[in-house]
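Asker: Pasting in a structure now, in structure tokens, and then I'll have a few things to ask.
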Amino acid sequence: MMNMGKEEVEAESKNRSLEDFDPQKKPKRNNYAFACATLVSMTTILLGYDIGVMSGAAMYIQRDLKISDVKIEILLGIINLYSLVGSCLSGRTSDWIGRRYTIALAGAILFAGAILMGFSPNYAFLMFGRFVAGIGIGYGAVVASVYIAEISPASSRGFLTSFPEVFINGGILLGYISNFAFSKMKLQVGWRMMLGIGAIPAMVLAIGVLAVPESPRWLVMKGRLGEATKVLNKTSDTKEEAQQRLSDIKRAAGIAQDCNDDVVQVAKQNTGQAVWKELFLYPTPAVRHILIAALGLHFFQQSSGIDAVVLYSPRIFEKAGINSDTEKLLATVAVGFVKTVFILVATFTLDRVGRRPLLLCSIGGMMLSLLTLATSLTIIDQSDHKVTWAIGLSLATVLSFVATFSVGAGPMWSVYCSEIFPLRLRAQGTAAGVVVNRVTSGVVTMTFLSLSKAITIGGAFFLFSGIALLGWIFFYTMLPETRGKTLEEMQGSFGKFWEKPNSTEVDGGNGQVQLG
């Protein structure tokens, strides 16, 4: 009888475990977290709009101000370097005043930058407007990703943290449409309208973001447990998940698990120089792996030439044989449309397929597209007559390149990098990644026209395809899967440089690797 009772208990326990892990019981998407992520992601619309609108506006700016290709390169790419000011300040600012008010600050700066660019009388004033807008972009690009990662439940974190990239692509498409809409206006007025109208979403962001709650992780770090609990209850799929998330954050913040006061005193965490030292000078093996993975992802995402294609698409289409301004702008609208559609595909598949498979497929498709684009442009350049099939192939491969980029490499920087850093290093680690991203983008965009003249435009894209191949090798060897893991469990996936391709299982124990 004792054996029968033991068998019944074991059977009951087994059945209960199967029910607990039934994949059909997937929680419904949290609408409150969805609304917060949507509003906060508006900060990246301005980054996307600036990229898209400058691709067409550059043609008219050059004609109106009568400036050289080198000055155009600098004008288009320098905002990436200007954004470093905001990126470097964003970590400390968001830890000081909170994620929400930092995003509002970014919106206010972006509003001022758009107004200054819209009323620019000359090249020097336009560069000053780009400087101001760049600071706002640097703030927004970092803090939006951090905020969304910290407010999202684990079941939909990939979906929600891909929102910044979705909004960047939406902004690029709006910029392309703005180019086409204002292209028929008087030369001196058209490009200024293209740039100045960006003040509208910036104003909406600066005011609207005050309606969202503060990040629960930031609240816990400040000892405001009562407020953090309320936010977690609203942004978690279940009460149990909210309690588990609070427990994990308290553990990371050094707060006793039995402490349930609304306001508590939190021991001062490593900030400022101590955090940067832990990241770069004295990292543990896990932190070193996380840092290399994050910075490498940012570097290869931009060095494969995406901003060159998006910013200089009218020039690329002109080299391919499309000479009409209207046709070039319509072709760029097609690029923006395809890019936006495929980023939506990525958004709905990140939490189903996983980060690693999407990223590897994406970079592989980018490499093939770049190789084909380089070949077709070289054929056109070397031919003494119009090669219709090569023109069509060039347009098709530009579209396939932005499509494959948007499926994986595009959204992955905001999703992957915002979830792999430990809590105490998250703001500064994300900021470091964005710095690498913007510097790489700035170098590519400020040298593309000169590079094309030096080694031909086909040669430039052969170079980008080689960089994409190196990126694929890096991602395959260095980036483990993170789908389904909580932010606090994430650290256990790092600490070794050669990750097995199918290591996607989540270890049942939290804190397998304790850092610091």
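Even glycines carry a Cβ here, placed using N, Cα and C.
In TrEMBL, annotation is done automatically, which means it is predicted and not curated.
Annotations per TrEMBL:
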type     : residues : note
REGION   : 1-25     : region 'Disordered'
TRANSMEM : 32-52    : transmembrane segment
DOMAIN   : 36-483   : domain 'Major facilitator superfamily (MFS) profile'
TRANSMEM : 72-89    : transmembrane segment
TRANSMEM : 101-119  : transmembrane segment
TRANSMEM : 125-147  : transmembrane segment
TRANSMEM : 159-177  : transmembrane segment
TRANSMEM : 189-212  : transmembrane segment
COILED   : 225-252  : coiled coil
TRANSMEM : 329-350  : transmembrane segment
TRANSMEM : 356-380  : transmembrane segment
TRANSMEM : 387-409  : transmembrane segment
TRANSMEM : 454-475  : transmembrane segment
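Walk me through the surroundings of each of these features.
Answerer: Within the chain, the transmembrane segment (32-52) has long-range Cβ neighbours (under 8 A, six or more residues past its boundaries) at 79, 103, 106-107, 110, 114, 133, 136-137, 139-141, 143-144, 147-148, 151-153, 156, 160-161, 163-176, 178-179, 198, 201-202, 204-205, 208-209, 211-213, 234-235, 307, 310-311, 332, 336.
Distant neighbours of the transmembrane segment (72-89): 50, 54, 58, 61-62, 106, 109, 123, 126-127, 130-131, 133-142, 307, 311, 431, 434-435, 438-439, 441-450; these residues of the same chain sit at least 6 beyond its ends, with a Cβ under 8 Å from one of its Cβ atoms.
Long-range contacts of the transmembrane segment (125-147) within its own chain (CB-CB distance under 8 A, at least 6 residues past either end) are made by residues 40-41, 43-44, 46-47, 50, 61, 65, 75, 78-91, 93-94, 99-100, 102-103, 105-118, 161, 164, 195, 202, 215, 414, 417-418, 426-427, 430-431, 434, 437-438.
Residues 29, 33-34, 37-38, 40-56, 141, 144-145, 148-149, 151-152, 194, 201, 310, 329, 332-333, 335-337, 339-340, 343-344, 346-348, 350-351, 406, 410-411, 413-415, 418-419 of the same chain sit 6 or more residues outside the transmembrane segment (159-177) yet have a Cβ under 8 Å from a Cβ within it.
Counting only same-chain residues 6+ beyond the ends of the transmembrane segment (356-380), those with a CB under 8 A from a CB of the stretch are 300, 304-305, 316, 319-321, 346, 349-350, 387, 390-391, 393-394, 397-398, 400-401, 403-405, 407-410, 412, 416, 456-462, 464-465, 468-469, 471-472, 475-476, 479-481, 501, 504.
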Asker: Who are the long-range neighbours of the transmembrane segment (101-119) in its own chain, taking Cβ under 8 Å and residues 6 or more past its ends?
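Answerer: Long-range Cβ neighbours of the transmembrane segment (101-119): 40, 42-43, 46, 86, 90, 93-94, 125-126, 128-137, 139-140, 143-144, 147, 192-193, 195-199, 202-207, 209-210.
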Asker: By Cβ distance under 8 Å, which residues at least 6 away from the ends of the transmembrane segment (387-409) in the same chain are close to it?
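Answerer: For the transmembrane segment (387-409), the far contacts come to 165, 169, 300-301, 304, 306, 309-310, 313, 316-317, 320-322, 331, 334-335, 338-343, 345-346, 358-366, 369-370, 372-373, 376-377, 379-380, 471.
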Asker: Mean pLDDT for the domain 'Major facilitator superfamily (MFS) profile' (36-483), rounded to an integer?
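Answerer: Over the domain 'Major facilitator superfamily (MFS) profile' (36-483), the predicted model scores a mean pLDDT of 87.
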